[in-house]
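What follows is a short report on a single structure.
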Amino acid sequence: MDINRFTKVSDTAWRLEPQGAMRVPAVIYADEALLADMDDKVAEQASNVAMLPGIVQASYAMPDAHWGYGFPIGGVAAFDAEQGGVVSAGGVGFDVSCGVRTLLTGLDHRAIEAVQPRLADALFAGIPAGLGSTGQIHLRDQQMTDMLRGGAAWAVERGFGQPEDLERIEERGQMAGADPEAVSQQARKRQRNEMGTLGSGNHYLEVQHITRVFDPEVAAAFGLAEGQVVVSIHCGSRGLGHQIGTEFLREMAIAAKGHGIELPDRELACAPIHSEIGQRYLGAMRAAINCALANRQILTHLAREVFAEVLPDANLRLLYDVSHNTCKTERHVVDGRDRELYVHRKGATRAFGPGHPDLPEALRGVGQPVLIGGSMGTASYILVGTNEGERLSFNSACHGAGRAMSRHQATRQWRGRALVDELAARGILIRSPSLRGVAEEAPGAYKDVSRVVQASHDAGLARLVARVEPMVCIKG
Amino acid sequence: MHASVRESAKNRIPALRGGWEHFPHEADMGVRGHGDTLPDAFAAVAEATIAVVTDPAGIDPAERVEFACSASDPDLLLYDFLNAIVYEMAVGGRLFSRFRVEIEGETLRAEAWGEPVDGRRHQPAVEIKGATFTQLAVRQAADGSWIAQCVLDI
């Protein structure tokens, strides 16, 4: 990317002034090298988002931003319904509420080393992963409706987890405003056998150990200490969310003109928040959020079952669960005024700072855990939200490393078997149904996650708390 | 959209007339089909879609499934067609290795031959979440042949 197009705001903030049909500026958070490495499409897409009706303050891109659909992946934008603001199916994406949750185990990494291959095999056997895998739960229509309303709370009521888990999930595990009636039969059918499945691509379950603590005070509040083991689960709303994204993207793209919206890119398909289709989409999308929350909750239960068998001393307690692909109704101060906004985060993590009323009491004093996933062989990070994040990005931070190389290139550069062996030699056991899938997800195909989180930290979007490194990775 | 599993029809399976390729996208995968006719280009891009998941040569075309969809422009028709295949793979747990497509006005009818997913034998690399509008294009080349393409979210 040509960085001369930007006004340098700081070492980690770059601004594109409004031009043409842009209503607000576009701001990219990244250090100079990350910005220079980004595809030109990121700036183009962030500028296109800035053209949408009712956008407030700026269109943002996080340090892991890369070329997405309409919105860049790592894109954040907030819209005001009272000013003709829109909700965009393209701005949420196909994998609604794809996210990460991290569980504390209370174990030292040496306890894992003693049983590592057995644990890897047991997790691979216990966690359905990859195309065609089905879970043990098969939902009839009324059960599906209940799940779409109840989210993780529905799962806990059915014995998948503990009531205290819910405190540690965004929206306390149950997204309000879900409308199961707005979810098509096709979306329901696609989900019928997929509850409690991991999916594929960049989704994973990892056993990780904490290799560095940056902020001892916050780490202690989160229950993190060097050498301790955590489990992270990255997945989303599975087929149901994918189908909702597919259907509403098409419908909104066709309906936009009727709402007087000129789309700079068809993939930015959107509708006024105050419209029938806008409200229907919000209802369906919120139901898909509940599906993702329920799915991660069931996977947590399955992981707990495996640990109970292999490492009975483990006590898997939820640190936090964050979503990446959502549109959430939130209150933010803009121009000195407290306003209700529809905040789209497409491949970005919500990062509330200390004192935010939506945080559980145990975390309110320090801020929200911000869970940044790595890429199989690389570190992941745990950060904490900041108060200045509200002004900078509506309390949003990066969500992962972000791809730097196409799957095509990755398969030409790496072989799955060799990668699995190489990682095993480094003490990281990979279990996956597909060696080609492993090659496509090679750690080297991603940006340097350490650099991405450092840029997020330096920009003030979130503060570094701890680094974790993988020991076992189950890939879909 | 409609899909249903029918009897084995091995002897009536068409050979692919046209070629396909994948093109790179930073996070996902682009698929492109070429054909002398529009239906052939659609059949080719369908095979390219399967090849994102696994090698089509390893899929036994033992069962036939029918699809139908309609849309007011060729781009949307391709979007719907590929999403119908994604849907059938997800709901039916199937993979396909051969396609026959007919397009009449705004309506597409297709037959697909394949078999249930066998994790060990097919080793599917990824699930496809959906076809997208990104680089979605159906066009006729100067020599009269057809090209159909889009990026898949995986």
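Each Cβ is built from the backbone N, Cα and C atoms, and glycine gets one as well.
Lifted from TrEMBL, the feature list:
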type	residues	note
BINDING	A:ASP95, A:HIS203	Mn(2+) 1 binding site
BINDING	A:202-206, A:324-325, A:373-376, A:SER380, A:399-402, A:LYS475	GMP binding site
BINDING	A:HIS234, A:HIS324	Mn(2+) 2 binding site
ACT_SITE	A:HIS399	active site, GMP-histidine intermediate
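Using a Cβ-Cβ cut-off of under 8 Å to chain B, the binding-site residues A:ASP95, A:HIS203, A:LEU205, A:HIS234, A:HIS324, A:HIS399 reduce to A:ASP95. You'll find the Cα of A:HIS234 (Mn(2+) 2 binding site) roughly 5 Å from the Cα of A:HIS203 (Mn(2+) 1 binding site). The binding-site residues considered are A:ASN202, A:HIS324; of these, A:ASN202 has the fewest other C-beta atoms within 10 angstroms of its C-beta. Shown are the binding-site residues A:HIS203, A:HIS234, A:HIS399; the one with the most C-beta atoms within 10 angstroms of its own C-beta is A:HIS399. The separation of A:HIS399 (GMP binding site) from A:ASP95 (Mn(2+) 1 binding site), Cα to Cα, is 14 Å. Local packing around the binding-site residues A:ASN325, A:SER375 was summarised as the count of other Cβ atoms within 10 Å of each Cβ; on this measure the leading residue is A:ASN325.
In three-state terms derived from DSSP, A:ASP95 (Mn(2+) 1 binding site) belongs to neither a helical nor a strand segment and is classed as coil.
Distance noted between the C-alpha atoms of A:ASN325 (GMP binding site) and A:HIS203 (Mn(2+) 1 binding site) is 14 Å.
Classification of A:ASN325 (GMP binding site) by DSSP places it within a strand. Taking all protein chains in view, 28 other C-beta atoms sit within 10 angstroms of the C-beta of A:GLY402 (GMP binding site).
In the three-state DSSP scheme, A:HIS203 (Mn(2+) 1 binding site) falls into the coil class. In sequence order, the binding-site residues near A:HIS324 (Mn(2+) 2 binding site) (Cα within 10 Å of its Cα) are A:HIS399, drawn from A:ASN202, A:HIS203, A:LEU205, A:SER375, A:HIS399.
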